[in-house]
Amino acid sequence: MNSTLQHGMHTSLHFWNRSTYGQHSNATESLGKGYPDGGCYEQLFVSPEVFVTLGVISLLENILVIVAIAKNKNLHSPMYFFICSLAVADMLVSVSNGSETIVITLLNSTDTDAQSFTVNIDNVIDSVICSSLLASICSLLSIAVDRYFTIFYALQYHNIMTVRRVGIIISCIWAACTVSGILFIIYSDSTAVIICLITMFFTMLALMASLYVHMFLMARLHIKRIAVLPGTGTIRQGANMKGAITLTILIGVFVVCWAPFFLHLIFYISCPQNPYCVCFMSHFNLYLILIMCNSIIDPLIYALRSQELRKTFKEIICCYPLGGLCDLSSRY
């Protein structure tokens, strides 16, 4: 995204930056001259086609997730509604990054008069990406809270997490994240905004980690207590723990894919002139690729961890021209 993160493309300053596709800032140039491996300070080039391709793949995958959850009534549960919210956020992040690649290409090829309009479009895209990032974090936290309730408040769960209440929670998440994302971009020239975003990221991770430490420490004891009750409490608790493990994988992938970007922000505000920090920040395009990969990996995790969702995926795909492949696979 367009920012002054040591190698920004635009003269306007924003904290989210898409680099200059092979060029670098004056500050980076001066740092590179003083070191024998000055090439480290060259902004890593990634072909625009890569961003567009990843955006299209993410779009198709996450639309499949959303349609599957809407189609299958067995998936109409709080956890899957929150997963649907996460899928929307993932889709917007990747599609917006892909769209921004096109905007940047236009910005480089248009005249000065048209560039101001293109920059405004890019600012809108930045706001969408920032809002989607916040929505992703909040959706993951919501899934963690939902798993916590299913394990420790199993008997009261359906009274606590009603469909109406879940709908209100998701609506509030997106409303708050949209407003926050817009404000972050408007005031992105301020270092305080970057610090606020970094703080939110690590605070949410700390909250989720706290929930999981408590969940996995107490889960076995709680399962034993539920097991003495009539019905299928043990089976239900086993399914709930499977959902908790799925979320653990999702959070792990999220951290791996987003951590380099937030480390980039930390370096930007703490050591922008340090040669090692500049070298790390020169790989910003790679960190954007990781972010887009997160949006592609998440639907694969859903499919691998949920037999019901996997079954629905197959039903949807078989309704289209690819149905012949489904018939062929069912014969062998």
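Note: Cβ is positioned from N, Cα and C throughout, glycine not excepted.
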Is it true that Swiss-Prot lists D122 and L221 on the same side of the membrane?
no
From C271, C293, the residue that Swiss-Prot pairs with C277 through a disulfide is C271
What Swiss-Prot calls N-linked glycosylation site, among N26, N97, is N26
Across the topological domain 'Extracellular' (272-280), the model's average pLDDT, rounded to a whole number, is 88
How many helix, strand and coil residues does the topological domain 'Cytoplasmic' (70-81) contain under DSSP?
9 helix, 0 strand, 3 coil
Cα-Cα distance linking E100 (Ca(2+) binding site) and C277 (disulfide bond), given in Å to the nearest integer
25
Given D126 (Ca(2+) binding site) and C318 (S-palmitoyl cysteine), what distance in Å do their CA atoms have, once rounded to a whole number?
37
